[in-house]
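Novice: I have a structure I would like to understand better, so I am pasting it below and will then ask my questions one at a time.
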């Protein structure tokens, strides 16, 4: 059996025969000239070296399928991953009640099947709230972990190849929950959402929550004005005022570590307004703040550092502490690019945020409408347009051998990012060209910008 990891989490276990079945189904639907070559069967028992070789071949095959716009977005491929997830967790298909949180702490209970995919659950929540169909795409479901102070740490955005009920229940920890939150960055799109009563209420609840948790900065006078608007139940005016405040619409991440401006600095990163904002605590305890615009990030990558497992052969490689890093190459000045690294368990979520910001920028540049970015039901299957494919996380296959160093990869519709199992920290020179996530929204700096 092979373990398939998605976003650093065990998604499912599959056998060679199951992957072969997927391959044959894809060939039947799309033709042999479209589907990549599949590792051949072997008559005799495989040696350990051949087992590892097959794992590498299967991983390359799954990578190739996932990165193909047609195959990777196909219902055949995504349903295979969903079914395998359900079988691995041994959760039968049955009707259940799933609780989905709103930003104000209210819980929406929806009756779903354990086998319902992310978009089905999102639609069920929208239906329960009476949110119009044309506004559903402005929101997404996120897996979060609740802290003691009631704030949420965002783990990941739930993708189309997973089953939300299975994803959250398989963690066996009540701290993990699913929350509904807006999934766009440009506050200009708030106008679309506020056109409808339910959209307005959801946006209002999220804004109030972000202010209460200190995600949006408010001074005393602004706090007084906001409180007055709350008392009058002037929700639109409340949001309009909040839009003018610092960090409105940002997603705040847990405290982590960065190498900028020097190694080992503690930092709080927030994503929003097409930038990553850093609040850095320097070694002398001084706090400095700065922002990195997504349009000046030439590329970025996510890597994982996995300590070598020297334990007994029966121990699980999953027990190793995985250190995730997001590194981006930034245009500091006209002729100077510099790598900046963030070490955080939320590195993948940060990468997904960067990609979705780029998606929005590209749609705006092409004169497209955000309404067209969101999914529509086609032949009974829900689809998002290519422009809004967040960072895809294709499978990581690892052999049952506990001494094997795990390797994972991420990809998107544009290019790919790798997660590599390494026993030492990597420098930019250690990573191949295919490991970088290129940024199509990258812009140079002209003399007038300096």
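Just so you know, glycine gets a Cβ as well, placed from its N, Cα and C.
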Novice: Tell me which range among 358-380, 381-403, 404-426 TrEMBL lists as region 'Disordered'.
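Specialist: Residues 381-403 are the ones TrEMBL records as region 'Disordered'.
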Novice: Which residue counts does DSSP yield for the domain 'Ras-associating' (94-185) in the helix, strand and coil classes, in that order?
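Specialist: Going by DSSP assignments, the domain 'Ras-associating' (94-185) contains 22 helix, 35 strand, 35 coil.
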Novice: On average, what pLDDT score does this prediction assign to the domain 'Ras-associating' (94-185)?
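Specialist: It averages 93.
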